[in-house]
Amino acid sequence: MIEADRLITASPREREEQQDRAIRPLKLADYIGQPGVREQMELFIQAARGRAESLDHTLIFGPPGLGKTTLANIIAQEMGVSIKSTSGPVLERPGDLAALLTNLEAGDVLFVDEIHRLSPIVEEVLYPAMEDFQLDIMIGEGPAARSIKLDLPPFTLVGATTRAGMLTNPLRDRFGIVQRLEFYGIDDLATIVTRSAGILGLPIEDQGAYEIARRARGTPRIANRLLRRVRDFAEVRGRGHITREIADQALNLLDVDERGFDHSDRRLLLAMIEKFDGGPVGVDSLAAAISEERHTIEDVLEPYLIQQGYMMRTPRGRVVTRHAYLHFGLNTPKRLGEQPSGDLFAVSDE
């Protein structure tokens, strides 16, 4: 199974970037959720504008699909400057980075997605550019080679990564602002869905937006993708209007259940319950049981299930929690009766 094939993947799909651009907020005032990040960035941007300076270099990290690219574009919009976008894997040689840096105007934003994937040789060129706004370039080859320094206009580097731990310390230390994006709550996601539906000219009821939001795995990108698929269903079977019932029918047809699990998630949990008595079970045995690759379980399926408290990693292997049994309407073994929950998105009935 390929992660990109799943409807509920947080990774971007082909052509999705262009679709998302149409509904992406351009101002902090329209940026929904992440209240701490929003308030801090508003303060930093106002201060930089008041001093007529470029914003400090900014690192944005967190799981995929939470709005790192959106926030980078908002920073440029709020600062009233242009943004140039690239990604770590694209910058293969120092010359690739130099070409971008020398074309920046004063105050511009250079956005580097997947910045943890920069090669060491490109990083070395980036350090003086970030710190001193200077570019060291080697002219010539062999004994005749010499280094010259080019002055760069002040600019803001905005780096985005899903793996902050993979950044080298020298690179991380050069960011004056570091922001972590967290998974969204259901209410904020419902607001995002309602806003996106309005931009798309799609009538939607509050309960319809909520139904989509609670199955979106805390991720705006997934929420907007589900909205587009529910729109297709509503236009054919619901007269173009999204109600809770229409959203529920559409998402059930798409095999996304009320917890945001798809067939692969449920198959993994059921295999652990039915074939291994809830665990512990080794990942290789589990992979053989469901005919998947080991890395698919570790990198694609496990993270969300662990984060939501439906399974755990232990020294003896993987085990399911009582929430997995309850999800399938099964009796919970007594040994699991007091297990703690890791559910991030649970909604209290009180």
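Just so it is clear, glycine is given a Cβ too, placed from its N, Cα and C backbone atoms.
Annotated features in Swiss-Prot:
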BINDING   I23, R24, G65, K68, T69, T70, E131, D132, F133, R174, Y184, R221  ATP binding site
BINDING   T69  Mg(2+) binding site
BINDING   R294, R313, R318  DNA binding site
REGION    1-20  region 'Disordered'
REGION    4-184  region 'Large ATPase domain (RuvB-L)'
REGION    185-255  region 'Small ATPAse domain (RuvB-S)'
REGION    258-350  region 'Head domain (RuvB-H)'
*Run through the Cβ atoms and count how many others sit within 10 Å of the one on F133 (ATP binding site).*
17
*Under the DSSP assignment, what numbers of helix, strand and coil residues are found in the region 'Small ATPAse domain (RuvB-S)' (185-255)?*
50 helix, 2 strand, 19 coil
*So how many other Cβ atoms are close to R318 (DNA binding site), meaning within 10 Å of its Cβ?*
23
*Near I23 (ATP binding site), which residues of its chain come within a Cβ-Cβ distance under 8 Å, counting only those 6 or more away in sequence?*
R195, S196, I199, L200, N224
*For the region 'Head domain (RuvB-H)' (258-350), what does DSSP give as the number of helix, strand and coil residues?*
45 helix, 9 strand, 39 coil
*asked:* Please give the maximum pairwise Cα distance, in Å and rounded to a whole number, for the DNA-binding set R294, R313, R318.
replied: 14
*asked:* Helix, strand or coil by DSSP: which one applies to E131 (ATP binding site)?
replied: helix
